[in-house]
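Over in Swiss-Prot, the protein carries these features:
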- 22-42: transmembrane segment (TRANSMEM)
- 84-104: transmembrane segment (TRANSMEM)
- 140-160: transmembrane segment (TRANSMEM)
- 185-205: transmembrane segment (TRANSMEM)
- 218-238: transmembrane segment (TRANSMEM)
- 241-261: transmembrane segment (TRANSMEM)
- 269-289: transmembrane segment (TRANSMEM)
- 292-312: transmembrane segment (TRANSMEM)
- 332-352: transmembrane segment (TRANSMEM)
- 356-376: transmembrane segment (TRANSMEM)
- 384-404: transmembrane segment (TRANSMEM)
- 408-428: transmembrane segment (TRANSMEM)
Amino acid sequence: MLYLLLTTTLLMMTWNRYAGRIAFLSLLGYFVIMLNIWLHFGSLSESVTLLFGGGLVRLDESILSALLFILFLGLVIMNRTGDLGWEFHLLLMGGLTGAIYMLTAYDLLLMVVGFEFLNLSTYLILSLYRGTETATLKYLLSSAFYTTLLLLAISFFYGLTGSTGYDALFVQMNYLGGETFLPQILLLGTIAFKLGLVPAHLWVPDVYDGLPMTLLSWMGSVPKAAVLLWLPTIYPLLNQLAPFLLVLSALSFLLSAVLMAAQYKMKRFLAYSAIGHLGFVVAAFAIGDYHAYGYYIFIYMIATLAQFVLLSELPQTELMKQTSVLKDHRALGLGFLVIVLTMASLPPFAGFYAKLLVLFGFLEIGYGIFAVLLILASLRSAAYYLKWIQTTFFSVVPFASAPIQVQYPNLVSFLVTLILPSTLLLLL
């Protein structure tokens, strides 16, 4: 990926007029190569794991699936932002490179390299637009603090085990017991920040509110997807903290259900919506239900990217009111309706089945209290999404309906994914 990044950078600097096309085609070519490797892995009768660089890098079918999903998100974002300068596409590919290193790393030090590469690219992407300085600074300072916690956690793990390799760490964790509690807490704090879980969620509404929708399509998808897909790899480092993680996830979706009612700005509403959904996702991880976990990640990321792509088509002033113009644009209006109903987790849309799997996971292990909390939070959140639909389609349009450019390939692909849960049930 680094060679591709360097080659693409030279091409974009030479023909910066076609930077968007060059970056998209380069990333598409890399996606096709990874897809071919994934198909080769899938054709084997036995599960195969490849190690490179003396065990620093690990590659298997599940990691390849995660990489393909990350690259798919990057392709959608790049296709939507093809008119931006070559600097944006360079940083976007740099962020994807960091995510790839983070997911394939089998050593904490190499993971940190990918983690920081992704962070640095995100900082610079957020600073590209005028007016985003405050949001970028808030995210930068908060991220710097929690990155320090991550480095402290790694230093403690190394001091206790004498290694940063995952294999050695996983073996030593079985013998150290409570001695690793402090580094696990530090690691959990960093994860909570990156995902916006309570109590490390305060940056999310402020940063979302200060960014344009184009940048939110990156901020709300790739960095969070990278962390979510990385969590199963390091689960042995967090096995003692599963109850804490479950409590944080429950607090997140409960807080989201309560505070969504007080939001009159679209982006802050979306921020608290993200906090709630990520709480549900992490709850599935905390109870060890990887089936529900992977399914929810897939549905949530597709729906999130779809809503940002759609909302970025609207005039960005008083966005909560501007959605009412969608009733004059039937294609976008239908897309908006499907996306919101998916985020509200109403049947027969795919978001309902994702949340239902988490509910069944709670019931199977006897966590009835958490199941009740999930139902109550889901019902309360769904009411706010339905109110959003009511405002959009049944209120008076406050502004003249402006012409909106519809990207039909993106719209159709998102609708097929979200409106046909029967096809997604094949994944169950």
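Here the Cβ of each residue, glycine as well, is placed from N, Cα and C on the backbone.
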Ranking 84-104, 140-160, 269-289, 332-352 by the number of C-beta pairs under 8 Å to the transmembrane segment (218-238), which range is first?
84-104
When you check the transmembrane segment (269-289) against the transmembrane segment (84-104), do you get at least 3 Cβ pairs under 8 Å, counting only pairs 6 or more apart in sequence?
no
Assess whether the transmembrane segment (241-261) lies in contact with the transmembrane segment (356-376), where contact requires at least three Cβ pairs under 8 Å among residues 6 or more apart in sequence.
yes
Could you tell me what the rest of the chain brings near the transmembrane segment (185-205), counting residues at least six beyond its ends with Cβ under 8 Å?
138-139, 142-143, 146-147, 149-150, 152-153, 156, 223-224, 227-228, 231, 234, 237-238, 241, 244-245, 248-249, 251-252, 255, 263, 267-268, 271-272, 274-275, 278-279, 282
At a threshold of under 8 Å on Cβ distances, which of 22-42, 332-352, 356-376 pairs most often with the transmembrane segment (84-104)?
22-42
